[in-house]
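Engineer: Please see the structure below; I have some questions.
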Amino acid sequence: MDVTRLLLATLLVFLCFFTAYSHPPPEEKLRDDRSLRSNSSVNLLDFPSVSIVALNKKSKQTSRKEAEKKRSSKKEASMKKVARPRTPLSAPCVATRDSCKPPAPACCDPCASCQCRFFRSACSCRVLSLNC
(Lines of atoms letter the chains of each structure in order from A and count residues from 1; the text may use other names and numbers.)
(Lines give C-alpha, C1' and ligand atoms only; values in the text may rest on other atoms or scores of the structure.)
Protein backbone atom coordinates (compact mmCIF):
# COMPACT_ATOMS: atom_id res chain seq x y z
CA MET A 1 0.00 0.00 0.00
CA ASP A 2 2.80 2.39 0.84
CA VAL A 3 4.53 1.61 -2.44
CA THR A 4 1.42 2.43 -4.48
CA ARG A 5 0.94 5.72 -2.60
CA LEU A 6 4.57 6.60 -3.22
CA LEU A 7 4.21 5.86 -6.93
CA LEU A 8 1.00 7.89 -7.16
CA ALA A 9 2.62 10.80 -5.32
CA THR A 10 5.63 10.83 -7.66
CA LEU A 11 3.29 10.59 -10.64
CA LEU A 12 1.29 13.55 -9.34
CA VAL A 13 4.44 15.63 -8.80
CA PHE A 14 5.70 14.71 -12.28
CA LEU A 15 2.40 15.75 -13.87
CA CYS A 16 2.43 19.06 -11.99
CA PHE A 17 5.95 19.86 -13.18
CA PHE A 18 5.12 18.72 -16.71
CA THR A 19 2.03 20.95 -16.96
CA ALA A 20 3.88 23.91 -15.43
CA TYR A 21 6.82 23.71 -17.85
CA SER A 22 4.83 22.77 -20.95
CA HIS A 23 2.92 26.07 -21.04
CA PRO A 24 4.80 29.07 -22.42
CA PRO A 25 5.45 31.97 -20.07
CA PRO A 26 3.12 34.98 -20.40
CA GLU A 27 4.40 37.57 -22.83
CA GLU A 28 5.51 40.92 -21.57
CA LYS A 29 3.33 43.81 -22.63
CA LEU A 30 5.20 46.42 -24.62
CA ARG A 31 4.43 49.99 -23.65
CA ASP A 32 5.60 51.92 -26.69
CA ASP A 33 6.91 51.52 -30.23
CA ARG A 34 10.53 52.01 -29.20
CA SER A 35 10.55 48.89 -27.09
CA LEU A 36 8.78 47.05 -29.92
CA ARG A 37 11.49 48.02 -32.39
CA SER A 38 14.29 47.09 -30.04
CA ASN A 39 12.74 43.72 -29.13
CA SER A 40 11.64 42.62 -32.60
CA SER A 41 13.82 40.12 -34.39
CA VAL A 42 12.98 41.56 -37.84
CA ASN A 43 13.97 45.11 -38.55
CA LEU A 44 10.95 46.89 -39.99
CA LEU A 45 13.12 49.39 -41.85
CA ASP A 46 14.45 46.64 -44.12
CA PHE A 47 11.13 46.38 -45.96
CA PRO A 48 10.08 49.11 -48.41
CA SER A 49 7.00 51.07 -47.54
CA VAL A 50 3.81 50.39 -49.47
CA SER A 51 1.63 53.21 -50.65
CA ILE A 52 -1.94 52.67 -51.78
CA VAL A 53 -3.18 55.08 -54.42
CA ALA A 54 -6.77 55.35 -55.56
CA LEU A 55 -7.34 55.64 -59.30
CA ASN A 56 -9.30 58.58 -60.56
CA LYS A 57 -11.78 58.45 -63.45
CA LYS A 58 -9.30 59.76 -66.00
CA SER A 59 -6.72 57.07 -65.27
CA LYS A 60 -9.42 54.40 -65.41
CA GLN A 61 -10.53 55.66 -68.83
CA THR A 62 -6.99 55.69 -70.19
CA SER A 63 -6.39 52.16 -68.97
CA ARG A 64 -9.63 51.06 -70.66
CA LYS A 65 -8.52 52.73 -73.88
CA GLU A 66 -5.17 50.97 -73.72
CA ALA A 67 -6.91 47.63 -73.16
CA GLU A 68 -9.20 48.24 -76.14
CA LYS A 69 -6.19 49.09 -78.31
CA LYS A 70 -4.48 45.85 -77.29
CA ARG A 71 -7.62 43.86 -78.07
CA SER A 72 -8.03 45.48 -81.47
CA SER A 73 -4.36 44.89 -82.33
CA LYS A 74 -4.73 41.21 -81.38
CA LYS A 75 -7.81 40.90 -83.57
CA GLU A 76 -5.99 42.52 -86.49
CA ALA A 77 -3.03 40.20 -86.03
CA SER A 78 -5.30 37.17 -86.02
CA MET A 79 -7.10 38.38 -89.14
CA LYS A 80 -3.79 38.84 -90.95
CA LYS A 81 -2.94 35.19 -90.37
CA VAL A 82 -5.04 33.49 -93.00
CA ALA A 83 -5.15 29.74 -92.82
CA ARG A 84 -3.58 28.20 -95.88
CA PRO A 85 -5.69 25.56 -97.52
CA ARG A 86 -4.08 22.16 -97.31
CA THR A 87 -3.05 20.65 -100.53
CA PRO A 88 -4.57 17.23 -101.05
CA LEU A 89 -2.03 14.48 -100.86
CA SER A 90 -1.58 12.72 -104.15
CA ALA A 91 -0.22 9.51 -102.64
CA PRO A 92 -2.65 7.06 -101.03
CA CYS A 93 -1.62 7.59 -97.42
CA VAL A 94 -3.08 8.73 -94.10
CA ALA A 95 -2.20 12.13 -92.63
CA THR A 96 -0.87 12.46 -89.09
CA ARG A 97 -3.59 12.18 -86.39
CA ASP A 98 -6.12 10.81 -88.88
CA SER A 99 -7.75 7.43 -88.66
CA CYS A 100 -5.59 4.59 -89.96
CA LYS A 101 -7.74 1.62 -89.02
CA PRO A 102 -6.64 -1.40 -91.06
CA PRO A 103 -6.93 -2.03 -94.04
CA ALA A 104 -6.16 1.71 -94.53
CA PRO A 105 -2.93 2.70 -96.32
CA ALA A 106 0.22 3.60 -94.39
CA CYS A 107 0.89 6.96 -92.72
CA CYS A 108 2.27 9.73 -94.95
CA ASP A 109 4.88 10.89 -92.45
CA PRO A 110 7.84 8.47 -92.44
CA CYS A 111 8.32 9.05 -88.69
CA ALA A 112 4.67 8.28 -87.89
CA SER A 113 3.15 4.91 -87.24
CA CYS A 114 -0.37 3.62 -86.83
CA GLN A 115 -1.23 3.33 -83.15
CA CYS A 116 -4.42 1.56 -82.06
CA ARG A 117 -6.28 1.68 -78.76
CA PHE A 118 -9.35 0.06 -77.25
CA PHE A 119 -8.91 -3.34 -78.88
CA ARG A 120 -8.07 -1.82 -82.28
CA SER A 121 -11.31 0.18 -82.44
CA ALA A 122 -9.62 3.62 -82.47
CA CYS A 123 -6.48 3.90 -84.59
CA SER A 124 -4.59 7.03 -85.60
CA CYS A 125 -1.27 7.96 -87.17
CA ARG A 126 1.09 9.33 -84.51
CA VAL A 127 4.70 10.48 -84.48
CA LEU A 128 6.37 8.45 -81.74
CA SER A 129 10.01 9.56 -81.92
CA LEU A 130 11.01 13.21 -82.15
CA ASN A 131 14.53 12.39 -83.36
CA CYS A 132 13.38 10.84 -86.60
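The backbone N, Cα and C atoms fix where each Cβ goes, and this holds for glycine too.
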Engineer: Going by the disulfide annotation in Swiss-Prot, which one of Cys93, Cys100, Cys116 is bonded to Cys108?
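Structural biologist: Disulfide partner per Swiss-Prot record: Cys93.
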Engineer: Have a look at Swiss-Prot and say which candidate in Cys123, Cys125, Cys132 forms the disulphide with Cys107.
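Structural biologist: Answer per the record: Cys125.
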Engineer: In Swiss-Prot, Cys132 sits in a disulfide bond; tell me which of Cys111, Cys114, Cys116 is on the other end.
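Structural biologist: Between Cys132 and the options Cys111, Cys114, Cys116, Swiss-Prot records the bond with Cys111.
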Engineer: What is the number of residues in the compositional bias 'Basic and acidic residues' (63-79) that are helix, strand and coil, as DSSP sees it?
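Structural biologist: Summed over the compositional bias 'Basic and acidic residues' (63-79), the classes give 17 helix, 0 strand, 0 coil.
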Engineer: Relative to the Cα of Cys93 (disulfide bond), which of the disulfide-bonded residues Cys100, Cys107, Cys123, Cys125 has the closest Cα?
Structural biologist: Cys107
Engineer: How far is it from Cys108 (disulfide bond) to Cys132 (disulfide bond), counting Cα to Cα, in Å?
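Structural biologist: The separation of the Cα atoms works out to 14 Å.
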Engineer: How long is the line from the C-alpha of Cys107 (disulfide bond) to the C-alpha of Cys114 (disulfide bond), rounded to the nearest angstrom?
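Structural biologist: Per the Cα atoms, Cys107 (disulfide bond) and Cys114 (disulfide bond) stand 7 Å apart.
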